[in-house]
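Features as listed in Swiss-Prot:
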- 1-19: topological domain 'Cytoplasmic' (TOPO_DOM)
- 20-40: transmembrane segment (TRANSMEM)
- 41-59: topological domain 'Extracellular' (TOPO_DOM)
- 60-80: transmembrane segment (TRANSMEM)
- 81-93: topological domain 'Cytoplasmic' (TOPO_DOM)
- 94-114: transmembrane segment (TRANSMEM)
- 115-208: topological domain 'Extracellular' (TOPO_DOM)
- Asn134: N-linked glycosylation site (CARBOHYD)
- 209-229: transmembrane segment (TRANSMEM)
- 230-245: topological domain 'Cytoplasmic' (TOPO_DOM)
Amino acid sequence: MASPSRRLQTKPVITCFKSVLLIYTFIFWITGVILLAVGIWGKVSLENYFSLLNEKATNVPFVLIGTGTVIILLGTFGCFATCRASAWMLKLYAMFLTLIFLVELVAAIIGFVFRHEIKNSLKNNYEKALKQYNATGDYRSDAVDKIQSMLHCCGVTNYRDWKDTNYYSEKGFPESCCKLEDCSPQRDADKVNNEGCFIMVMTIIESEMGVVAGISFGVACFQLIGIFLAYCLSRAITNNQYEIV
């Protein structure tokens with residue numbers, strides 16, 4: 001059995017770790033809310049662009065929403081484990097944090113490796129959407145119109161891309177390409193936006209996905225602190241229990 005003085009030295013350490021871990025867990029919970037919000041924001045703000053990407057790319061917002069939800073639940077569990085000062089619950093908390101960190105690390109590596117695939121996918125699908133524009137009532141036709149109207153652009157590389165489409169042969173340029181509301185005759189190149197949409201869309205996606213990547217990286221690194229604190233508090237509680245015995 002440990003001396004009373006030894007136990008008195010251990011208790012302040014446990015109290016200190018509990019206080020710091022509670023503060024950390026609250027901040028960690030907030031990061032979950034932020035990731036959830038970023039995922040929803042990405043789904044809403046990039047929806048038109050994701051319509052022209054492959055299925056892997058469109059899953060990014062859902063991954064963030066799922067990760068944010070898991071972090072919120074895990075943060076709640078971590079707060080409960082810390083308040084209870086349960087050694088095994090804290091070890092479980094540290095294990096879950098480690099698992100999420102590894103998943104985020106793998107996801108970041110996969111995203112970095114396949115980043116060029118997004119660019120190629122966007123260009124190929126955009127060209128395909130132009131060729132099938134208004135022919136099948138495809139949802140991508142609506143995405144093309146929204147992008148061209150919002151960014152004041154026309155075609156993939158430039159407005160000439162439309163001249164190779166069936167739609168142009170029948171009706172000319174779509175109204176979403178027009179500089180003004182009245183664009184007739186719709187084969188007049190002077191009345192449509194000349195710049196292509198591909199570079200503009202890629203700039204927006206890279207910029208906004210950069211924000212998402214930065215936030216995700218910050219959250220992942222922040223988890224290392226939680227792993228360390230949860231492990232240290234668990235050890236301190238376990239040692240204190242042995243000292244009492």
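The backbone N, Cα and C atoms fix where each Cβ goes, and this holds for glycine too.
In terms of DSSP helix, strand and coil, the topological domain 'Extracellular' (115-208) has 59 helix, 4 strand, 31 coil. Residue counts of the topological domain 'Cytoplasmic' (81-93) by helix, strand and coil are 11 helix, 0 strand, 2 coil (DSSP-based). Here the transmembrane segment (94-114) has Cβ contacts under 8 Å with residues 56, 60, 63, 67, 70-71, 74, 77-78, 213, 216-217, 219-220, 223-224, 226-227, 230-231, 234 of the same chain, all six or more residues outside its ends.
Summarised as a single figure, the pLDDT of the topological domain 'Cytoplasmic' (1-19) averages 64. When Cβ atoms from all protein chains are considered, those within 10 Å of the residue listed as 'N-linked glycosylation site' total 16, not counting its own. Within its own chain, the topological domain 'Cytoplasmic' (81-93) has Cβ neighbours under 8 Å at 14, 18, 21-22, 25, 74, 226, 230-231, 233-234, 237-238, 241, counting only residues six or more beyond its boundaries.
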